[in-house]
Amino acid sequence: MLKAHYSFEKSGVFNPKQVFYHLSIPELFEHALQKKEGILSSTGAFSVLTGAYTGRSPEDRFFVDDETTHNLIDWGKVNKPISQEIYERLYAKMMSYLQQKDVYLDDAYVGTDPKNRLAVRFINEYAYCSIFVNNMFLEPNTQELQSFVPDFTVFCFPRFKAIPGIDGVRSEAFVIINFKEKKIIIGGTSYGGEIKKAVFTVMNFLLPQKGVLPMHCSANIGKDGDVAIFFGLSGTGKTSLSADIERRLIGDDEHGWSEQGIFNFEGGCYAKCINLSKEKEPQIWDAIRYGAIMENIYLAPDSRQPDYTDNRYTENTRVSYPIEFIPNALIPGIAKHPQVIIFLTADAFGVMPPVAKLTTEKAIYNFILGYTSKLAGTERGIVEPQATFSVCFGAPFMPLNPKTYAQMLGKKISQHGSRVYLVNTGWVGGPYGIGKRIDIDYTRKMVKVAIDGTIDQNGYHEDTVFQLLIPNELPGIPNDILNPGNLWNNHSDYANEAQKLKNRFDEVMKKYLPL
Ligand SMILES: Nc1ncnc2c1ncn2[C@@H]1O[C@H](COP(=O)(O)OP(=O)(O)O)[C@@H](O)[C@H]1O
Ligand SMILES: C=C(OP(=O)(O)O)C(=O)O
Ligand SMILES: [Mn+2]
């Protein structure tokens, strides 16, 4: 076994049973099987159940409030503070918990751009979480490993649970980010999304201070080198729509935008699998194989065949796989400035147009508004879509004041002349429960014409409620789909619902105006 250059003692690991450093995927796979962390599925992917926590637990995510963060973080319900004292006690308890236990240690980069990447050490209790980390982040080469000094260390010990009355946190699960100590501690939950999003949150705090805009978006590139990025809160379609057979995937979920262009934070993808079909999402379907980790997907008992329609564990069924599993992905994910920016929203009221063009001013407005619906499952307690306003289409991961990110985006859009579109992947013909979710094939067509620019050919008309520019006509898409009121049974119901939502927009935006 390799030896870590930067010793594990320096990372705080004291008196472990064995430290498994940088194991290969087959070795980790054997460990995970032997330790019965999960089972092998018929696809070859390793399948785990994460127990009570099958989505992120945003109320249990904290930042240590100290001189490094106090004046920078936009504190509130989303960015919650915790005292240094509570952190230190919990950290000490966690370190004593891991004595005489096996730990899996991985050194990885977050960020494909060497100038703007973060060197992160991951210390995991589960072997399969080490596979997850290998899938999701970037592996240093041998030379880089030999001189690897972590900028940040992540401890993920899901079987270690906090005691709410004693440990000063809300529940058994906690995710605490400590910028001064450069550590993240995660306990009580083994949902992979917590590891991934906590690390991105660190990037989103640090990069603006270096003049780089961090973005909660996926990205892909066309044959002519044209780059498109897709912003959107969880479940709106970043992963599904960026996996496109005609374009090369740059990255799945988070990118930085620097003076040079964009770069991916990740080395892999983390796709939702509920109702996954080979026909509609062939790339994701084919990526579910040996090396991938399936979370909370029901397998038939004997055949171990996945049933993607089954939501008995959660709606938020997931699979993680390295980006290499997507054919023709651009590796490393570094590309020039985006020509096209797509804001994805999933409108559960069925009143937003499925595609609209945005002026720069409207783009900033919609970016700060961050309207979408939280879809069932990604966060605890959400069982049906719920309207939400998530600044920068990623509020839970953006610790700084939203205007910081929005102003940077505005400047970049003007500087590089990027075209911006709003794409609604939510409900048509009525609200959730009455209408239905727009067919992904229609959405793909709209995205395609937005990217190649032909969407502009037949001109636009303005919708009266949201003042959005709706295309007059798009080949292959019925006009009734383009204009949301048309498919409602009763037009005045539509008009009322649309106006109600617009009033909510005005209310939310009051505190940010003037932009
Ligand atoms: N019109 C649509 N556009 C995009 N996704 C859709 C659409 N209709 C249904 N879906 C489903 O919604 C989910 C989108 O999830 P995903 O792409 O993983 O979102 P994100 O990466 O933004 O969290 C997928 O399960 C996809 O199959
Ligand atoms: C993994 C997550 O994000 P996304 O759905 O954006 O992939 C998450 O929010 O837990
Ligand atoms: Mn995604």
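Heads up, the Cβ atoms here are built off N, Cα and C, so glycines get one too.
Automatic, uncurated: that is what TrEMBL annotation is.
Keep in mind the model is a prediction, meaning the values are calculated, not measured.
What TrEMBL says about this one:
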BINDING   Arg56, Tyr191, Lys197, Arg318  substrate binding site
BINDING   Lys197, His216, Glu281, Arg318, Arg437, Ile438, Thr443  ATP binding site
BINDING   Lys197, His216, Asp253  Mn(2+) binding site
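The structure, with features from TrEMBL marked on it.
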residue	record	contacts (Cβ under 8 Å, 6+ apart)
Tyr191	substrate binding site	Thr50, Tyr53, Thr54, Gly55, Arg56, Ser57, Glu295
Lys197	substrate binding site	Arg56, Pro396, Phe397
His216	ATP binding site	Phe200, Phe231, Gly232, Leu233, Lys238, Asp253, Glu254, Cys392, Phe393, Gly394, Phe397, Met398
Glu281	ATP binding site	Ser240, Ala243, Ala271, Ile440
Arg318	substrate binding site	Gly192, Gly193, Tyr270, Ala271, Lys272, Cys273, Met294, Glu295, Asn296, Ile297
Arg437	ATP binding site	Ala346, Thr425, Gly426, Trp427, Val428
Ile438	ATP binding site	Pro354, Asn424, Thr425, Gly426, Trp427, Val428, Ile481
Thr443	ATP binding site	Gly237, Leu241, Pro354, Val423, Thr425
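The 6 Å Cβ screen around ligand 1 retains Arg437, Ile438, Thr443 from the binding-site residues His216, Arg437, Ile438, Thr443, ordered by sequence position.
In the three-state DSSP reading, His216 (ATP binding site) counts as coil. In terms of local Cβ density within 10 Å, Asp253 ranks first among the binding-site residues Arg56, Asp253. In the three-state DSSP scheme, Ile438 (ATP binding site) is classed as coil. Proximity to ligand 2 (Cβ under 6 Å from any of its atoms) holds for these binding-site residues out of Arg56, His216, Asp253, Arg437, Ile438: Arg56, Asp253. Secondary structure at Arg318 (substrate binding site), taken from DSSP and collapsed to helix, strand or coil, is strand. Checking the binding-site residues Arg56, Asp253, Glu281, Arg437 against ligand 3 with a 6 Å cutoff on the Cβ atom leaves Asp253, in sequence order.
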